[in-house]
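What TrEMBL says about this one:
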COILED    197-237  coiled coil
DOMAIN    15-442  domain 'Major facilitator superfamily (MFS) profile'
TRANSMEM  17-36  transmembrane segment
TRANSMEM  60-80  transmembrane segment
TRANSMEM  87-105  transmembrane segment
TRANSMEM  111-134  transmembrane segment
TRANSMEM  146-167  transmembrane segment
TRANSMEM  173-191  transmembrane segment
TRANSMEM  252-272  transmembrane segment
TRANSMEM  292-310  transmembrane segment
TRANSMEM  317-339  transmembrane segment
TRANSMEM  351-375  transmembrane segment
TRANSMEM  387-407  transmembrane segment
TRANSMEM  419-438  transmembrane segment
Amino acid sequence: MGVWESVKDFRKYSNQYLAAFTGTLLMLSVAASYGWTSPTLPLLLSDDSPLPITPDESSWIVSILVLTSIAGPVASAWLIDGFGRKVTLLIAVLPSIVGWILIGVGESVTVLYISRALSGISYGMAYSSMPLYLGEIASDRIRGSIGTLLTVMAKSGILLEYVIGPYVGYRTLAWISVAFPTTFFALFLWLPESPYYLLAKQRNEQAEKNLRWLRRASDVQDELRMMQAAVERSQQNRGTFRDLLTRGNRRSLIIILGLGALQQLCGSQAVIAYSQQIFDQVNSGLKAHESSIIMAVIQLVTAALSSSIVDRVGRRPLLLISTVGCAVGTFIVGLYFFLLQQEVDVEGVGWIPLAVIMIYIVFYTVGLATVPFAILGEIFPTNVKAVAAAIYTMFAGSVGFGVSKLYQLISDEAGTYVSFWIFAACSAAFVVFVFALVPETKGKPLDQILIEMHTSTTRSLNCCSGSQKKKNKPDLQHGA
């Protein structure tokens, strides 16, 4: 009976899963652009390179994508309300398609830079637009699993590059990879626009038609009325950057920007982008690309399981565990590279940094890779969430650009161990930040979370106590 109920549930929500899966092919496509550097940079830096580059140029190839991703939320903010979620996502994939084609035909580093810049724009637009589309098409009951699909598909894109890249040529990989965004574009054309957007544009009949298809139901009037009320509230209470600077929102902004910096400074993006080069220095008995593939598989599996962990363990404990794990992991890996540089015999312990990096990826994925996005959706009033998300994305992108660019330079000039010890020091420092400022929001109504964030006499740390005491309720919609 349980199995039959599960089958009936899947049939009931099948159209939503179809729309979400097809939509998140965009996440697979843009994440593949990020993962592309791991198998490709060692080839381009080798003696028989199809396009010879210097180590400094390799750091630009990684970091330009992160830099231009900052422009993504700006473009999305302009497009998403004017032209719709669907059109925005279709436009978002176009720079990625052009980027892969340029890699396939380009003969210079300049063309490669342009390609990476275009891929970065797609990357930023996808990450700032896709969560909104998924949130607006999903039923309450499956919103969590559909949200997890975004992360799983992104990690799948990285895994595909790691798996395919070492076994095909430089240009062949580009032509294979362009199939991901073109497949998304061809399929997503046939899927529905968000009913929320259609209601906002007074296209009520089309909104009802799309909602019927998504819900596989003929009577959707009750839900449609709730959507209409939500749209009207949103239009009446549009937030601005100034609203983020009020007392309660200012505290929330500090928390989310701190978590955005921590996501980058713990070293995760450097490990993902430069993984094959890192594993090249580790004498573990495995080839570098084999170690990278194992790491990507572990990250994908951990991401798929993380959604259930977040709601059971809580946000704050997971962040603390994740940050401590990243600090310890990067310190140990840094110690290995330090001993290697000092010409200490480490031949018998080459498996240790490999194992530690795998454990590090697990710690990062269960906490820092996912929890900040959950907190972002919980500690801001509805009218400023979009503005806060855009600022968060641009700030994290700026820090990520610095990490991606400087990792290669510091590693070449001072040693790889210095980079990893910087990551360890930053992670250790942020343990204090998480402990002192980040609230526990698990199981609390959004209304209560906002009351606690906006009450000056309640320290953020008290949010983890689970107390249900009420203070004078501020004007949450306007971020008093």
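Using N, Cα and C of the backbone, Cβ positions are placed for all residues, glycine too.
Note: TrEMBL annotation is automatic and uncurated.
The highest tally of CB pairs under 8 A with the transmembrane segment (173-191), across 17-36, 146-167, 252-272, 292-310, 419-438, is held by 17-36. Same-chain neighbours of the transmembrane segment (351-375): 131, 151, 255-256, 259-260, 262-263, 266, 268, 271, 278-279, 282, 284-286, 291, 294-295, 298-299, 302-303, 305-307, 309-310, 315, 318-319, 321-326, 329-330, 332-333, 336-337, 392, 438, 441, counting only residues six or more beyond its ends whose CB sits under 8 Å from a CB of the stretch. The recorded stretches the transmembrane segment (17-36) and the transmembrane segment (146-167) share 3+ CB pairs below 8 A when only pairs 6 or more apart in sequence are counted, and are therefore in contact. Summed and averaged per residue, pLDDT over the domain 'Major facilitator superfamily (MFS) profile' (15-442) gives 89.
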